[in-house]
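S.K.: My structure is below; once you've seen it, I'll send some questions.
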């Protein structure tokens, strides 16, 4: 039987698995071998499918003609090609084994499973609605739907019809794939299948955004879109192009498209899409990870069983996979002749783990921080910047940095012996100054002054739109007033209805502020001083706002007040402007 697991420990990677009676650890469960003397790792759901032993890859090749008769030449995850003793084989993720076509590799690559309907070993395409067979790659088709390239880590060609092996580039002019080892024929993609996934594979790597997760033994890396993808190896190095990654203890060389280390050189790896973090809600406060089942504990609290649609045992301590029965006297889950031992439960947490717990920052000083595994380096401005590798060498130009052991050269290069790589560009560090009272919080580290709106910027950080409740435009450079739509092509803010906007009530001005009104009264920065109906200075929460005659309301710049001051009428189409600027935390006095 299975114990209910903690989502916090699960997400933080603290759950090492199940310890078998012989001392070994397994990710899901332990099963007795046929002889009954030894234990091996198993998954009761996977073990009900047809199973055969995988074969070792043997000998390098470039085409099927380089392999013995009945063998196939397969591309491995490391970028090399090897002979598989099946006429139509599938390369396993460990890079050393292969399975026949129609089968899927086990996690350790030593077994092949033949699965029907929707195999768990399938590659899930972004959006989680379509999937490709194991050892395939998701690529966009001509019609915008998802297609499958029949090899792992493939390169998707720009024509949206063809693809090339990992490490090769598409030469559409000559209809071929070009790689350092030679040329290959372009491969055609086939349509992806609709996902009908009943059970999810366990994920134990939650990315810093707390919205994306990656499989165990992989690494979260940021993609060009700002979202997170998965590098298919643990403790990987995320390359600065946001497309590739390299093994641990290597350096990304984007000029040569290689991963460099002291002893060897390998091809860059392409990141895979991450999976959305989803929850199974037990009640309004407690949830379990996707693919788990909520079960009550003896205390009445909720616990998490690591299988979808699981059977909760009557002892309120254990659970079994779907289709199994709880045998509390034996302490097993049984389905026919198959028996597996049980484990103990733990309490389900109240919420998802805080991403700041999973990924601690690197402090530069008391007020500035860089992401984990980064190095703090000074910028030309004198502020702190972040070099995206640990223990880096900060170059004297205050723009670049180099890996540990390398020397900074002119024009942004790094050298170590005969090896030369491109230097990495620093990014601005995050300010950790706490929010001032009244400021608008963008995230844990950044805020905008009151009366403004946080908008994402081109740099991937936050910027401030100098309008309250504004609409942030898709180009990440502009913003429009609330209720308007950005027309990026026409560079205008548009509204389908009439040119009317409700006015804003004035607030009494403080004694101290940034904008001097007179008579000892001030308003905050990006506000406008207006006299109220009593003749006392008050503050309009718009920069260059228009004061209404009623002494109670005001309108944004570019509008004028109606006769009664109950409406803001637009004089003309709002001017497209560069509203965004860098956010600066300010005290409100």
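Cβ atoms are placed via backbone N, Cα and C, with glycine included.
Grabbed the feature section from Swiss-Prot, which reads as follows:
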SIGNAL    1-17  signal peptide
CARBOHYD  38  N-linked glycosylation site
DISULFID  125-138  disulfide bond
DISULFID  132-148  disulfide bond
CARBOHYD  263  N-linked glycosylation site
DISULFID  282-294  disulfide bond
DISULFID  288-304  disulfide bond
DISULFID  295-312  disulfide bond
DISULFID  305-319  disulfide bond
DISULFID  313-326  disulfide bond
DISULFID  320-333  disulfide bond
DISULFID  364-376  disulfide bond
DISULFID  370-386  disulfide bond
CARBOHYD  373  N-linked glycosylation site
DISULFID  395-408  disulfide bond
DISULFID  402-414  disulfide bond
CARBOHYD  526  N-linked glycosylation site
S.K.: Name the residue among the disulfide-bonded residues 295, 304, 305, 408 whose Cβ has the smallest number of other Cβ atoms within 10 Å.
M.R.: 408
S.K.: Out of the disulfide-bonded residues listed (148, 370, 386), which are within 10 Å of residue 364 (disulfide bond), Cα to Cα?
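M.R.: Neighbours among disulfide-bonded residues, in sequence order: 370, 386.
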S.K.: At the level of the C-alpha atoms, what whole-angstrom distance separates residue 312 (disulfide bond) and residue 386 (disulfide bond)?
M.R.: 49
S.K.: A 10 Å Cβ contact count, applied to the glycosylation sites 373, 526: which residue has the minimum?
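M.R.: Each of the glycosylation sites 373, 526 was scored by Cβ atoms within 10 Å; lowest is 373.
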S.K.: Report the same-chain neighbours of residue 132 (disulfide bond): residues 6+ apart in sequence with Cβ closer than 8 Å to its Cβ, ordered by sequence.
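M.R.: Non-local contacts for residue 132 (disulfide bond): 122, 123, 125, 138, 146, 147, 148, 149, 192, 193.
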S.K.: Which one is it: of the disulfide-bonded residues 288, 294, 320, which Cβ has the fewest other Cβ atoms within 10 Å in this structure?
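M.R.: Relative to the other disulfide-bonded residues in 288, 294, 320, 294 has the fewest Cβ atoms within 10 Å.
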S.K.: Rounded to a whole angstrom, what is the C-alpha distance between residue 319 (disulfide bond) and residue 295 (disulfide bond)?
M.R.: 8
S.K.: How many Å lie between the Cα of residue 288 (disulfide bond) and the Cα of residue 294 (disulfide bond)?
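M.R.: Per the Cα atoms, residue 288 (disulfide bond) and residue 294 (disulfide bond) stand 7 Å apart.
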S.K.: For the disulfide-bonded residues 312, 402, which Cβ has the most other Cβ atoms within 10 Å, all shown protein chains included?
M.R.: 402
S.K.: Given the disulfide-bonded residues 376, 386, 414, which lie within 10 A of residue 408 (disulfide bond) by CA-CA distance?
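M.R.: Correct set: 414.
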S.K.: To the nearest Å, how far is the Cα of residue 402 (disulfide bond) from the Cα of residue 395 (disulfide bond)?
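M.R.: Residue 402 (disulfide bond) and residue 395 (disulfide bond) have their Cα atoms 7 Å apart.
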S.K.: According to DSSP, does residue 364 (disulfide bond) sit in a helix, a strand, or coil?
M.R.: coil
S.K.: Among the recorded positions 282, 304, 305, 386, 414, 526, whose Cα is within 10 A of the Cα of residue 333 (disulfide bond)?
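M.R.: Checking each Cα against residue 333 (disulfide bond), there are no hits.
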S.K.: For the disulfide-bonded residues 333, 364, 414, work out the Cβ neighbour count at 10 Å and name the residue with the minimum.
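M.R.: Across 333, 364, 414, these disulfide-bonded residues, the one with fewest Cβ atoms within 10 Å is 364.
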